[in-house]
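Colleague: According to TrEMBL, the protein has these features:
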type	residues	note
COMPBIAS	638-647	compositional bias 'Low complexity'
COMPBIAS	660-670	compositional bias 'Polar residues'
COMPBIAS	981-990	compositional bias 'Polar residues'
DOMAIN	1-76	domain 'Ig-like'
DOMAIN	90-177	domain 'Ig-like'
DOMAIN	187-279	domain 'Ig-like'
DOMAIN	284-366	domain 'Ig-like'
DOMAIN	377-459	domain 'Ig-like'
DOMAIN	463-551	domain 'Ig-like'
DOMAIN	558-653	domain 'Fibronectin type-III'
DOMAIN	743-836	domain 'Fibronectin type-III'
DOMAIN	840-939	domain 'Fibronectin type-III'
REGION	638-670	region 'Disordered'
REGION	963-1066	region 'Disordered'
TRANSMEM	896-920	transmembrane segment
TRANSMEM	932-953	transmembrane segment
Amino acid sequence: DPRDNIIIECEAKGNPVPTFSWRRNGKFFNAEKDPRVSMRKRSGTLEISFRSGGKPEDYEGEYQCFAMNDFGIAISNKILLRVSKSPLWPKEVLEPLMVSEGSPLVLVCNPPPGLPPPTTFWMNSAMMPIIQDKRVSMGLNGDLYFSNVLASDANTDYSCNARFLFTHTIQQKNPFTLKVLTIRNIPETTPTFLSPSGTSSSKMALRGEELLLECIAAGVPTPGIKWFKKGGDLPEKKVKFESFNKTLRIVSVSEEDSGEYVCMASNKIGSIRHTVSVQIKAAPYWLQKPTNLVLAPNENGQLVCLASGNPKPSIQWLINGEPIESDRKVVDDAIIFNSVQIGSSAVYQCNASNEHGYLLANAFVSVLDMAPRLLGPRNQLIKVIEQSRAMLDCPFFGSPVPEVRWFKNGLGIAPDNVKYRLHNNGTLEIKHARSEDHGTYTFVANNILGQAEEQIRLEVKEPTRIVRAPEHLSVNRGNTAHFDCKIKHDPTLPIIVTWLKNDKPLHFGWIKFKKDENSLSIPNVNSDDEGTYMCMVKTELDQDFASARLTVLDRPDPPEDLELSDPAARSVRLTWVPGNDNNSPVRQFLVQYEENRWRPGEWQNLSSYTGDQNSVNLLLSPFVNYQFRVIAINSVGPSRPSGPSSRYQTSGARKCPSPRSLNNPLLDTQRNGPELRYVVSWRRKDSQEEWNNISTTSSKHVVSDTETYVPYEIKIHAVNDFGRGPESSMVIGYSGEDRPSAAPAELRVTKADSTKVNLHWVSVDPTSIHGEFKEYRVSSYSRHHSLHLVKSNETLNTGVLTELIPYSKYKMYMVVANNKFEGPHSNIVEFQTKEGVPGVPKFFRIVQRNTDTIHLEWDKPLEPNGILIGYTLQYRTGSSEVISAELYLQCIVGNISFFTLSFIPSYTSTCVYVFCLVAYSKDHVDIATQGWFIGLMCAIALLVLILLIVGFIKRSRGGKYPVRDKKDLPMDPGREEGCSNMPSLSTHSNSSDEDNKPLQGSQTSLEGNVKESDDSLVDYGEGGNGQFNEDGSFIGQYTVKKDKEETEGNESSEATSPVNAVYSLA
């Protein structure tokens, strides 16, 4: 912009700090002598100011910047400075244009040349753009094209405007006046091209730029444009069709976009084609740009400069901005250096150019000798994720180029390009880091002048993963949506969990969203909460994310636009528009009606239809003034009702239907006409009397002065103003019931049990019931019961009374009942139920636990159901993982309510006890405490012992058998792996010694062993720890005879239970 200051930037760095100079049009430009020109400090940037006068045009030209220090000179690309111009449109007088309707037309813009060229657009005098379409459009050159002119195109102000970007100005051309000659019938014509002309043309574009091809055709009707490429397809990813298909734009063209492009214009009259031959040229572009080179004295090297273009660019080498001397060895695109010496450092320039442009690159060749030097931070810590790539980077410098080696924990690493790869800059790459790669790595760089070392610590972390991702949810409106996001990560890496909705972060706090460590909750969801929710977890090294969709289901919106059509005498068609289903498909439409004669304002269900219907034929009743509405129903629930339809009146019918029964009068929609009334007829059954008749509008009529419980024949029919309906079927009805006059006699009970009893009585005479027999009813009075019913027919005289309370006294009587009344009482009987099984104790708990005791406490059952005489305590022992299947029993007298269980503590394992307490009464004692059970067990044990002795005597007569030496261990049925020794159970009570005596046959100690019989096999020396199967077969093992004194030392002084006794014998 000529009004702005001119700034030409040039920056460079070096050591020593470089100085700058400029050339303009190939000659030295002395910025210090021009008062308008200044150069920034420590920079080569020029600033040209025009505050004190001067013209920007005076400074137009080609500029080039030079930066230099003791080691060489670098130069910039050439910079072309031009001042933007916005010339005025030449003055001209435009004559009005006269065009026949249907003819093509081109309004030429031809804007004044500018720098850069202006953009053009067409407007009218009201500053409104000219509407463009398939028929009227602006070409790439700014002209306005009419494929065919219509009468509506006549206008006096078609104005072309040119906008100049840098000067921010718009120039307007004088407007065109267009007059259209209308004709009656516009002739149809085949297409012709307005732009470009002819059947072929050519186009050239540079690589990387845009290619614009245009085809505008005339014709009636307006032709359509299609594009093709000969010998191939259009590049879909780079092609854009613009201006109603008239312009083909290909972005960033390359050599493969060369070829012949065909545009075809066609209408119903015919078609034409135009071929555009496209050539893609290229300004120079780098294949290999020269880079800085460091050489040690007497070393060899080369600079390579590879560029391509179309046509192929030429390469020119410069040194410090001047043409290179002939003694330098240049081979193809490279400069060769042999045995360089100190002091030969310089900056070399490579210039690649062709007719479309040029490239310039600087490369510094430095000749020096230096021991290895480390350039990066010391003692680095590098963290990587397992299975990811680890780059151990240790920047260094040296001349000659140092040799690089890597060590891990003192051992050398040999790069194999499989696990380890050593880059040219010395970086060690571990392609897939694993946990064993964790450790300290040592970097060593050495050359002939010295050595440098550095240590880097590598930590390999577990990856961050979402192990339970959120799942897609469909939630009813008002409910809570819950997304899971369970995360697994390295515990040494802090994580940040972020939730996003539709890619925007959610904000937590007082707002409705709630999150915890592993989930997100959205209470009371509504339609605004729908969207895609993403759980994103990040650490300093990696991240993971997972997303799910929330769909909110809601009741459907009400149907709309109800319309009635196809009216008939007894039907009409109802049509509606369904509302939004709110993500849950409509399953059903419910049609309701309201009539304004008998129940105005009350809506009733008429019929329902499947959710895919929106037009139904409604079957209607006579003489009803209908109004309809529709309710949509989905899985969430019903919608609000739609608005009501218009009213529809059906005509009356000549007959009424008959009532379905005496208890079901006609519905309002069954009246079929005005003034509905019922005619009721009745007479005594089998009397052949004349019918009694009455007419009523009510649905109820009472017949008075009848005898008690007499059958009547009854019938009814309906009548309205249009006529009489059919009679109903005749039914039998009875007059009212009276109180029964007789009582059941000789009530007695038999077979009284704990919860039931048999009843016997003498039935009443059926005539004394004075109504329909219902049941014999028993009333019983006790502490627990008040009423029982014994259902039976009138001729039966026995029944069973159940659900009685055990051990309770009852007093009862019986009556006979009809549907309304009870008769007089029978005689009263008394009885008592037997004892039953006691209920569970009121509570049972451990009140104290010590290292060697457990204190238990309980209370009597709320329902003892008899005389409570004792409790059975059952328990098992085991470890924290396995509970023993072996069950221990202890019987306790009924007046004791707490016990202490003692045992030997274990300090190496945990012992678990499982307890169960059962109460028993006098008539319901545990089988293990019954005398007959104890006697039976003792007899079986004695018989088994005798058989065992006889068998061994017979066996010993056959000779001696070899035995296996094995120590006979004492029997310990309470020992469990992982637990302490067998516990003992003792009671503590203030009662007398007599109260503490165990019940007969009960086990008093679980710790003592039962003394073996005098006839035990131990005495025979053939083994003493054998066992029997249930059938008596021996399953033990022969052992050496156990010492008699050791056996006697384990005897118990207390009586053993039958169960323990059998176990001891086995």
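Heads up, the Cβ atoms here are built off N, Cα and C, so glycines get one too.
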Colleague: With a Cβ cut-off under 8 Å, give me the same-chain residues at least six positions beyond the ends of the compositional bias 'Low complexity' (638-647) that come close to it.
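Modeller: Beyond its ends, the compositional bias 'Low complexity' (638-647) has Cβ neighbours at 555-560, 562-564, 574, 576, 579, 590, 592, 594, 596, 603, 625-632.
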Colleague: I'd like the per-state residue tally for the domain 'Ig-like' (90-177) from DSSP, helix first, then strand, then coil.
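Modeller: Across the domain 'Ig-like' (90-177), DSSP assigns the residues as follows: 3 helix, 36 strand, 49 coil.
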Colleague: Between the stretches 1-76, 558-653, 743-836, which wins on the count of C-beta pairs under 8 angstroms to the domain 'Ig-like' (284-366)?
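Modeller: Most contacts with the domain 'Ig-like' (284-366): 1-76.
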Colleague: Could you give me three numbers for the domain 'Ig-like' (187-279), the DSSP helix, strand and coil residue counts?
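Modeller: Taking the domain 'Ig-like' (187-279) as a whole: 3 helix, 55 strand, 35 coil.
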Colleague: What mean pLDDT does the predicted model reach across the domain 'Ig-like' (377-459)?
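Modeller: Averaged over the domain 'Ig-like' (377-459), per-residue pLDDT gives 92.
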